[in-house]
Amino acid sequence: MNSTLLAHLNPEQLAAVTLGAEPGLILAGAGSGKTRVLTTRIAWLLSQGHVGPGGVMAVTFTNKAAKEMQTRLAAMLPYNVRGMWIGTFHGLCHRFLRAHWKAAGLPQGFQILDSSDTVAAVKRVIKAMNLDEERFIPKAVAHTIAHWKEDAARPKDVLARDPQEMKMVEIYAAYDAQCQREGVVDFAELMLRVYELMRDDAALRQHYQARFQHILVDEFQDTNKLQYAWLKLFAPPGGRGAVFAVGDDDQSIYAFRGAQVGNMHAFEREYGVRRLIKLEQNYRSCGHILDCANHLIDHNQKRLGKTLRTDAGQGEPLRVFEAPSDFEEARWVLEEAQSLHRGGLARAEIAILYRSNAQSRVIESALFNAGIPYRVYGGLRFFERAEVKHALAYLRLLENVNDDTSFLRVVNFPARAIGARTVEQLQDAAKASGRSLWQSVSALSGRAGVSLQKFIELIEGLRRATEGQTLRAIVEHVVEGSGLAAHYRSDKDGAERLENLEELITAAESFVTQEGFGKDAVALPVDELGVNGQLGPGLTPDADTGEIMSPLAAFLTHASLESGENQAIAGADALQLMTIHAAKGLEFDAVFLTGLEEGLFPNERALQDFDGLEEERRLMYVAITRARKRLHLSLAQSRMLHGQTRYHVRSRFLAELPEASLKWLSPKQGGFGSGFERDYANAWQRGSGLSGVVGAGRGGEARGGWPAPKPAAWQQAVAAPVPKKAEHDSGLRVGQAVFHNKFGEGVVLTLEGAGADARAHIQFGRHGAKWLALSVAKLTPI
Ligand code: ATP
Ligand code: MG
């Protein structure tokens, strides 16, 4: 088997795959085989008997990548790889906490809050504290809390700089207490909990350090500080565990979330990596595509520097199309994709990428209307649809009755005459006693108490009826027994929602098959979990089956962690739609890269400083390098986004690609070099008449596009980021509440620039977030 395993590897790849039990680091560009080396190394270590499947941990970037790795390993190895620790940081942390819930101070049936649940939970805290939601915007607060957690900072560790921030820390503490009370954890908490547990529990730490002899990390450039610290707890430098990391500095695209390319240097130094392995041969893309990638990334200054070559021939030049509108852009994409498909390409080999989720809507509706199957990864996922979330909430309550988020979601859905006042009373009682809503029901008397009691009986009835049933039967029973199915059946617009509930049942069934739960496939053999057959300390598998997670718990986890792999369209060969972030590490024969417009990509928010622009360029590099044979680029002159028509000019990235590799399908005049500055100048001048709202205007008025400084100042603004200060020259502060005579009350999110170029990004209650030029806009602090 060995010879086939190692066949086709080039010498550098071979050296990496067969490295001894020592720290290893590969630094190499896109498509050079990093992930393939990592997977092959696992197979090699196992097949040589250097390690058993329980002694390996592999961290990948997406669930999709983890699945792919498992599939590849299963093909290379003669045994069941399901029990292996292969997953994302979040997925592995979740698994860890399922095994060690007691030590982690969690209830056994703890549930995960997805991002919208998290915002809802934060909102409840803000409300309970009687704070103003316009001042403490739940989404922004949730974001800040996640940031603190990613810095391993608990409320007591945060150094608040002003009264606003002090309040935020109070919210953070109250939110943590609420999650603890309800037995739920958010994404960031998964990571932090495990980190703290490993840090503080010596027995557990020793156990895992002895257990994992090989830890392999893909996409290492995107690990953040906490993840790196977490890794060091599992395999400390100089310890027994060998860490093997692969990464590409040019593909670092999570700096905005605290990821640090510097971790690669730190790793090399702290672990004493003896030989840094570089791979320069690209096996993925044709010449034109690679030329574009190399040219583009060359515009970045902060690089470790490397180039890629390919033997794959030049291939077709990139097709570039500038559409008058987003609608027409979508139509072009659709037609080109169809023609590729007619030419013999499977739809699953065609990806349509965009910078932000909001852009997918118009493409989706074009595809939907034309009846072309597609699958969206990320975005509004199947599991995030309201009716599916309702069903999941019932299922969650079966696992954990103290999950208040789920309780609130369905206590009166379908309607069972439990009014808002009753719920409020219940919340007050829960707050007063520090117990969950479920536990507080007995505190309410009278009619309110009776109707709540009925709800409790309903859930308990569902639980009794589904005990010992298969996952499919449980979901089926809950969909009917909860009254959800009847509710949507009687609703004349409920047909699609009913279909989605049906789909949930199907998803449950296929989940069981895919995951190998079932009669003859034990989920996770107990001896897999330990060292030499010994269970880890505090490990609590199910007494009957040895599983550390019931199929229902695993399914619920899957629903909150997965990134849309099980879209509602079952089994069809479908076009793949996703953001560029979600496409990381993946490859497709043909890729459409849409929305190449200033303000959109590079994104206006990222353009506030030089590092932001470089990160956008790396993102563009990631997008380009997803393609094997064909790459299509497009943009729209006008676009509906967030309820506004916006006019944009061509992305500067188009001008950074080699002309010889591009084939323009629309007239090329009026692009970045010429029209850009002119448009800006116009927009700027008009801006003064528009309460200071400026944007990249094109043939009309300026409408909240890119935060445009004066053209002359543009270079300077990009090249010289304004250092972040607590107090801005304008006298405003981030977090400050202000009043604008047209937009009303808002909160300052960002301040930058100076003098005539000073500008602020402000979140207004009704009008959303806007960039204002401070020399023009009249803002009064309130
Ligand atoms: P990214 O940075 O985008 O994650 P990567 O470096 O991880 O890329 P892989 O996905 O591992 O690259 O490999 C890219 C493609 O090249 C895959 O299809 C892989 O199977 C193929 N490949 C890698 N090495 C070889 C090789 N030695 N011979 C033939 N094909 C190879
Ligand atoms: Mg990879």
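Backbone N, Cα and C atoms are what each Cβ position is placed from, and that goes for glycine too.
These numbers come from a predicted model, not from an experiment.
As recorded in TrEMBL, the features of this protein are as follows:
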- A28, G29, A30, G31, S32, G33, K34, T35: ATP binding site (BINDING)
- 7-286: domain 'UvrD-like helicase ATP-binding' (DOMAIN)
- 287-585: domain 'UvrD-like helicase C-terminal' (DOMAIN)
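What TrEMBL annotates, mapped onto the structure for a quick look.
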residue: A28; record: ATP binding site; CB count, 10 Å: 25
residue: G29; record: ATP binding site; CB count, 10 Å: 25
residue: A30; record: ATP binding site; CB count, 10 Å: 23
residue: G31; record: ATP binding site; CB count, 10 Å: 26
residue: S32; record: ATP binding site; CB count, 10 Å: 28
residue: G33; record: ATP binding site; CB count, 10 Å: 24
residue: K34; record: ATP binding site; CB count, 10 Å: 26
residue: T35; record: ATP binding site; CB count, 10 Å: 21
Inset, instruction - Compute the centroid of the Cβ atoms of A28, G29, A30, G31, S32, G33, K34, T35, then list the same-chain residues not in that set whose Cβ lies within 8 Å of it, in sequence order, for the ATP site. - result: D248, L279, N282, Y283, R284
Legend entry - Listed binding-site residues with Cβ under 6 Å from ligand 2, out of A28, G33, K34, T35: K34, T35
Inset, instruction - Taking a cut-off of under 6 Å between Cβ and any atom of ligand 1, tell me which of the binding-site residues G29, A30, S32 pass. - result: A30, S32
Legend entry - Secondary structure of A28 (ATP binding site) (DSSP, helix/strand/coil): strand
Inset, instruction - Tell me, roughly as an integer, the mean pLDDT over the domain 'UvrD-like helicase ATP-binding' (7-286). - result: 91
